[in-house]
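Enquirer: One structure is given below, represented as structure tokens, and several questions about it will come after.
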Amino acid sequence: MEDSRSLHEVSDLENGHVLPNPPKETLNGSRSLQNVSSSIMRKKSDAVLVSSVRFQILRHFLANLQLVILGTKLAVLFPAIPLAIAADFYKFGRPWLFAFSFVGLAPLAERVSFLTEQIACFTGPTVGGLLNATCGNATELIIALFALYQNKIHVLKYSLLGSILSNLLLVLGTSLICGGLANLKKEQRYDREQADVNSLLLLMGLLCHMLPLMFRYATGEGPDTFYHTLELSRASSIIMLIAYAAYIFFQLKTHRQSFEPQEEGNEEEEEKAVIGFWSAFSWLVGMTMIITLLSEYVVGTIEAASDSSGVSVSFISIILLPIVGNAAEHAGSIIFAFKNKLDISLGVALGSATQISMFVIPLSVLVGWIMHVRMDLDFSLLETGSLGFAIIITAFTLQDGTSHYMKGVVLFLCYIVIAACFWVHKIPQNQITVGKPFTGVFAS
């Protein structure tokens, strides 16, 4: 019966007759089937969309991982970081913990510099310059704060002094050597104004270091000398921070054109960021936290490493630690020198040394004041003399606005001589933690 009825309906349609309305049960059934099918399709599309978003996030993370972690030749040193954490967890021994932490800091310092450059592409030159000034010496600053917290004042002073010496003699010296040899047939020139300003600030910092030392030798040892030296150091530190703030304003505002490298023609296109702002910021925060952990390991195990290796604490702090902390500046300065861009090389080396001298050291003095720890600007005779000669030799080297590889050779050899001096320099173990809390009227 149903088959004959359907045949009649077909013939009626062919003859132009209108069929009667279908039953309600048929309409409801077809609508329910459509709703079910549309719901199934919607769920499938949502599942495909979610999986696509997850795939995009995973691909974005892997791309950033390749750029940040594997985008440097120092990536082979990254396994030292989990080894350092494992050495601390399984109690491998303090020398092993120091060695792994020391090696792991090198790629982290270089990658922090890379990430700050990426963020600077989004923030503009002013904020980017301040960010580079803040993060460029993050490793040295974190090590200094941990040494201050643990009352290891000699380690603190040695590491900051070594960072200045490394930038002025090792980083700048090797840059001038490589740049001179790579550009033998070209005249290498740079802007003297930038070098003069940095040299003046370094000489001012040297004066602030020499005054407490000369005051102590002039008045003799005693409790009053102890107190007045600390008072003079804290007052000088405030003046140094004011001078550094004026230098930042001078560099980024009033005379910014003097510190910007002048490109010839269209030789180099404007640098563009290779990762996003928030990606770079997240990586920067994460790496800074790892640097903080490794710095705590290094400061806490430096004496054990010295005892087991037979190398003095002064040599490790002044020579080895700054080489790791200045890995980024060293590599960048040499690359720019190869390209005959000495203004950028000088800005990297001198700018980093100026920041340590005029910002990190006085900041450490004031933080020690807050923590009731005796941190002053008296770096002892040998250390202050080495700093003074390094600054004077560098200032004389950069006074004529031209460069060649022989100037770099002299700076590099001066660094070797200073390194040899601190190789044989030993300090008693009980003097490493002399920064005991100071009680007095001015200490509060």
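A Cβ is built for glycine as well, from the same backbone N, Cα and C atoms used for every other residue.
Caution: TrEMBL annotation is automatic and unverified by curators.
Straight from TrEMBL, here's the annotation block:
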{"type": "COMPBIAS", "residues": "1-15", "note": "compositional bias 'Basic and acidic residues'"}
{"type": "DOMAIN", "residues": "96-252", "note": "domain 'Sodium/calcium exchanger membrane region'"}
{"type": "DOMAIN", "residues": "281-423", "note": "domain 'Sodium/calcium exchanger membrane region'"}
{"type": "REGION", "residues": "1-31", "note": "region 'Disordered'"}
{"type": "TRANSMEM", "residues": "61-86", "note": "transmembrane segment"}
{"type": "TRANSMEM", "residues": "92-109", "note": "transmembrane segment"}
{"type": "TRANSMEM", "residues": "130-149", "note": "transmembrane segment"}
{"type": "TRANSMEM", "residues": "161-184", "note": "transmembrane segment"}
{"type": "TRANSMEM", "residues": "196-215", "note": "transmembrane segment"}
{"type": "TRANSMEM", "residues": "235-252", "note": "transmembrane segment"}
{"type": "TRANSMEM", "residues": "273-295", "note": "transmembrane segment"}
{"type": "TRANSMEM", "residues": "315-338", "note": "transmembrane segment"}
{"type": "TRANSMEM", "residues": "350-373", "note": "transmembrane segment"}
{"type": "TRANSMEM", "residues": "379-398", "note": "transmembrane segment"}
{"type": "TRANSMEM", "residues": "405-425", "note": "transmembrane segment"}
Enquirer: So if I exclude everything within five residues of the ends of the transmembrane segment (161-184), which remaining residues of that chain have a CB under 8 angstroms from its CBs? That is, six or more out.
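Expert: Distant contacts of the transmembrane segment (161-184): 137, 140, 202, 317-319, 321-323, 325-326, 329-330, 333-334, 336-338, 340, 342, 345-346, 348-350, 352-353, 356-357, 360, 379, 383, 386-387, 390-391, 393-394, 403-412, 414-415, 418.
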Enquirer: Counting only residues 6 or more past its boundaries, what in the same chain has a CB within less than 8 Å of a CB in the transmembrane segment (61-86)?
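Expert: Result: 92, 97, 100-101, 103-104, 106-108, 110-111, 114-115, 274-275, 279, 283, 290, 293-294, 297, 327.
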Enquirer: Give me the stretch from 92-109, 196-215, 273-295, 379-398, 405-425 with the greatest number of Cβ pairs under 8 Å to the transmembrane segment (350-373).
Expert: 196-215
Enquirer: Give the nonlocal contacts of the transmembrane segment (273-295) in its own chain as ranges (CB under 8 Å, at least six residues past its ends).
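Expert: Result: 60, 64, 67-68, 81, 84-85, 101, 104-105, 108-109, 111-112, 115-116, 118-119, 121-122, 135, 138-139, 142-143, 146.
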Enquirer: For the transmembrane segment (92-109), name the stretch out of 196-215, 235-252, 315-338, 379-398 with the most CB-CB pairs under 8 Å.
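Expert: By the under-8 Å Cβ criterion, the transmembrane segment (92-109) pairs most with 315-338.
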Enquirer: Take the C-beta pairs under 8 A between the transmembrane segment (235-252) and each of 196-215, 315-338, 379-398. Which stretch has the highest count?
Expert: 196-215
Enquirer: Within the domain 'Sodium/calcium exchanger membrane region' (281-423), how many residues are helix, strand or coil going by DSSP?
Expert: 119 helix, 3 strand, 21 coil
